[in-house]
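The coiled coil feature in Swiss-Prot is assigned to 61-88. Among the features that Swiss-Prot reports, domain 'LisH' is placed at 9-41. Residues or ranges marked as region 'Disordered' by Swiss-Prot: 408-431. Per Swiss-Prot, repeat 'WD 1' is recorded for 113-154. According to Swiss-Prot, the repeat 'WD 2' annotation covers 156-196. The repeat 'WD 3' annotation in Swiss-Prot covers 200-239. What Swiss-Prot lists as repeat 'WD 4' is 242-281. The repeat 'WD 5' annotation in Swiss-Prot covers 287-347. The repeat 'WD 6' annotation in Swiss-Prot covers 349-388. Taken from Swiss-Prot, the feature repeat 'WD 7' applies to 392-438. The feature repeat 'WD 8' is assigned by Swiss-Prot to 440-455.
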Amino acid sequence: MPPLLTNRQAEELHKSMIAYLVASDLPDTAAALRREVNLSEDVFDPTTAKRYEGMLEKKWTSIARLQKKIMDLESRNATLQSELDNSTPASRLKRNQDPASWLPSTVRYSLESHRDKVNCVAFHPTFSSIASGSDDCTIKIWDWELGELERTLKGHTRAVRDVDYGGPRDNVLLASCSSDLSIKLWKPTDNYKNIRTLQGHDHIVSAVRFIPSRNLLVSASRDNDMRIWDVTTGYCVKTINGHTDWVRDVSISFDGRFLFSTGQDMTARLWDISTVSNIEHKRTMLGHENFIECCAFAPPTSYQFLAPLAGLGKRPSSTNGADFMATGSRDNTIKIWDSRGTCLMTLVGHDSWVQALVFHPGGKYLLSVSDDKTLRCWDLNQQGKCVKTLDAHESFVTSLRWAPGVAKNVPGGDGAAEGEGNDKNGAGSENPANIQMRCVVATGGWDQKLKIFAG
């Protein structure tokens, strides 16, 4: 049988034992052991003995503590296994098969590496990657399933304001925008190489969003304009004017035909962008009493809950893709609108600025985050009642995203829905019946943390 200890480990053990015997006033026993293990007195002198004194006792007590910890963990594991075994099959089935009613509650990971506040987050449409952008001028790529930092992207010279994944399925890109007035495109399949920098805005670029099914990207800026870019060439193909102050946020409809924008002019504006060369301003929504920070299109699954409020009947087989939308404002409220510009409901509950919104892919809920440090869940089937409030961060919450769904029965596994790269909601333009919902939500905050809530 091979020895359990290396020669060095055995020598250390022998010296510790001899030091223990000497300290215990057992010199004859110590001398006998020294002879047995061939340790001469000049090798194990009084100075060496002093150095090893107490080492055996420390190792012994450490082993005892570890043994107790192991026993405690084994007991806890047995308790949890018993609880799992005793849970009813029906309850397990409900947890596993009812993502439409899932709401975030438990933080799976609290990820830390940024050196300043986190401004934005975005899920990769296919892989378990998530990007976060910060005032520290960097973008960090994480594995949200493992809770591990994968890489840090450097290139911007000022705060990173927004990030978004999108583009063609076979060539997904990450877009980022910054207070340095630039937009950068990064290629995930090439170690996130910065393949292009888009210049044209005259002030802070506050938001970027890919348009589904097209090689186009929309950006919003403090220069009061929005721009549409061709990501294959890097050229600006259209500048959209209309807002009279800083454009804070943009959202793209699930079919890619409509753009929704909000700004410091306290307006929300709906645009038809189906023909880029002839963009049409459809509607201006008025009602907020302060700057509008964020916006989101409602997914098709929300139609059944919001249509009665708008006096509409059963959802037609084909809609304009922009039936309902939501806005969040510095007046602490959230408003739900229809495409006619009518405010259907105002959600009151936050105690400070509303910073980000996302609709539940199941359509029944709207989620929001705020400078009041909370994440709130609103039930659209109960007149927008707030049904859950979470203390999400230790300071202002800046950003919120829902992981995009994955298309079912797609060979090769490359079947993510086209949505996270298109809209904050993380759902695509495909038939919802063909999308498998993922119960994963991410938030970012002034506490420099990225948090992952997962079912």
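A Cβ is built for glycine as well, from the same backbone N, Cα and C atoms used for every other residue.
Because the structure is a prediction, the values reported are computed rather than measured.
287-347 is the stretch from 156-196, 287-347, 440-455 with the greatest number of Cβ pairs below 8 Å to the repeat 'WD 4' (242-281). Sequence-distant contacts of the repeat 'WD 8' (440-455) (same chain, at least 6 residues past either end, Cβ-Cβ under 8 Å): 95, 99, 102, 104-112, 114-121, 123, 130, 132, 134, 140, 142, 144, 147, 358, 367, 369, 373, 375, 390, 392-403. In terms of DSSP helix, strand and coil, the repeat 'WD 4' (242-281) has 3 helix, 20 strand, 17 coil.
Across the repeat 'WD 1' (113-154), DSSP assigns 0 helix, 25 strand, 17 coil. Distant neighbours of the coiled coil (61-88): none; no residue of the same chain at least 6 beyond its ends has a Cβ under 8 Å from one of its Cβ atoms. Mapped onto DSSP classes, the repeat 'WD 2' (156-196) shows 6 helix, 22 strand, 13 coil. Per-residue pLDDT, averaged across the domain 'LisH' (9-41), gives 80.
Summarised by DSSP class, the composition of the repeat 'WD 3' (200-239) is 0 helix, 23 strand, 17 coil.
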